[in-house]
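This report refers to the structure that appears directly beneath it.
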Amino acid sequence: MSQDLQKEVASRKTFAIISHPDAGKTTITEQLLLFGGVIRSAGTVKGKKSGKFATSDWMEIEKQRGISVTSSVMQFDYNGSRINILDTPGHSDFSEDTYRTLMAVDSAVMVIDAAKGIEAQTLKLFKVCRMRGIPIFTFINKMDRQGKMPLELLAELEEVLGIESYPMNWPIGMGKELAGLYDRYHRVIEQYRSEEDERFLPLGEDGDLKEAHAIQKLLYYDQALEEIMLLDEAGNDFSRERIIAGEQTPVFFGSALTNFGVETFLRTFVDFAPSPSSHESNEGVIEADNPKFSGFIFKIQANMNPAHRDRIAFIRICSGEFERGMNVTLTRTGKSMKLANSTQFMADDRETVNRAVAGDIIGLYDTGNYQIGDTITNGSKKLEFEKLPQFTPELFMRVYAKNVMKQKHFHKGVEQLVQEGAIQLFKTWRTEEYIIGAVGQLQFEVFEHRMRGEYNSEIRMEPIGKKIARWVKEEDADEKLSTARSMLVKDRFDQPLFLFENEFAINWFNDKNPDIELTSLL
């Protein structure tokens, strides 16, 4: 790989933004896009009545509900770095999509609501990041409102998540009393709602302001200095190595809604965030600077442009250089393909991409060739990156087309939405009626909404009373083993499994059939 290409790869910063719903994830994404010069003004998820919606919330149902249910991909340049942001679903029902997205990034930004602290979804996603060793940067949001005390939030972060923290800045006041941020890293105080020439006040070697200022008369100023002194004496030492190893999280305070502390966060993040790193494969570790092009598909999205009914496969480039028109091998099938139609994104806006390098996320127009987890490369034809996680559904519905004359629309919609991986498809053993599985109720609502809006197919869904899926070997697939509490079905790959009513039904099945092994996904 040439030095120029190595430099280009090193400039890539590819990260996901994770949070519990309503922590302000989409708002901070908007502000980052603002600093990247991509948008002129930030939309707001809360501004539904005005008809303004967030740039990253592009799907119709997201605009209606004010939640992210798909992973948007956005790219911009900032301070010499190429930023690739993946805005992940904030709703817990879409954890599968989020987990797959976390396989495609080099770091994560965790957004926490200052009033609520660590919430269930945050904890879940954090654990996945830790499992993968992904560096985590923490942004404690909504400091313009009353919330938990900063020291309490730090203690919660360390106790609940089990990770060292290092506050890069520290709030002076909170809510209506918010006056500024004491920036430990840049050695300045960033004032809240100040004139531009007074926004940053330099600190002296003693930790106080170099020159006298009105902010020093505030009660909260002295309190902040005392807390900073406590952090200096008893807190963790700053360690870039531990940050990169995912063992220490730099913590930033701010307010995404009022755009306070966000640009400082972005500037610091670009300095620290890791460049594209290596990926595990069946042929060993593939380094980002390997000259051979390789990548994997972590997401498939249908109807990003409803007028064209198209489908896009999102690929994370792991090594080498992509050039439009290049020939690659889809290693799952061994098929040679020409990558002529490629695109990059700003939520639903897109432009043709002629060239990209390791760390970039690009979209490939898909006519049905790709599956989530596929590896493509112009190197070894047997290369396969590690498998992406798939989850066992916990809710199941039988699904029918209301209008039998529109079966074609129905089948196409089900097929495409299942290939996206947002919902799983099963079929009854003999009659092959459709059963869809999900990890949460919202997935069914989104599925029904998209079937109607994107495929002109009204559907009827009926619960089947089964909650647990367990796969069996083909030789154990005997319909006679089905009971009122268990049902033999097959998945989209025709693999047999039983759907059980509850744990009691599984135990009963195991007692009656001790030689049959039941297995689950994640």
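Note: Cβ is positioned from N, Cα and C throughout, glycine not excepted.
Among the features that Swiss-Prot reports, GTP binding site is placed at 19-26, 87-91, 141-144. A 10 Å cutoff on Cβ-Cβ distances gives Lys25 (GTP binding site) a total of 30 other Cβ atoms nearby, all chains included.
Sequence annotations record features per position, and here Swiss-Prot assigns domain 'tr-type G' to 10-277.
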Check your understanding: Given the binding-site residues Ser19, Thr88, and counting only Cβ atoms in the protein chains shown, which has the most within 10 Å of its Cβ?
Key -> Thr88
Exercise for review: With a 10 Å radius around each C-beta, find which of these binding-site residues (Asp22, Met143) has the fewest other C-beta atoms nearby.
Suggested key: Asp22
Check your understanding: Does DSSP put Thr88 (GTP binding site) in a helix, in a strand, or in coil?
Key -> coil
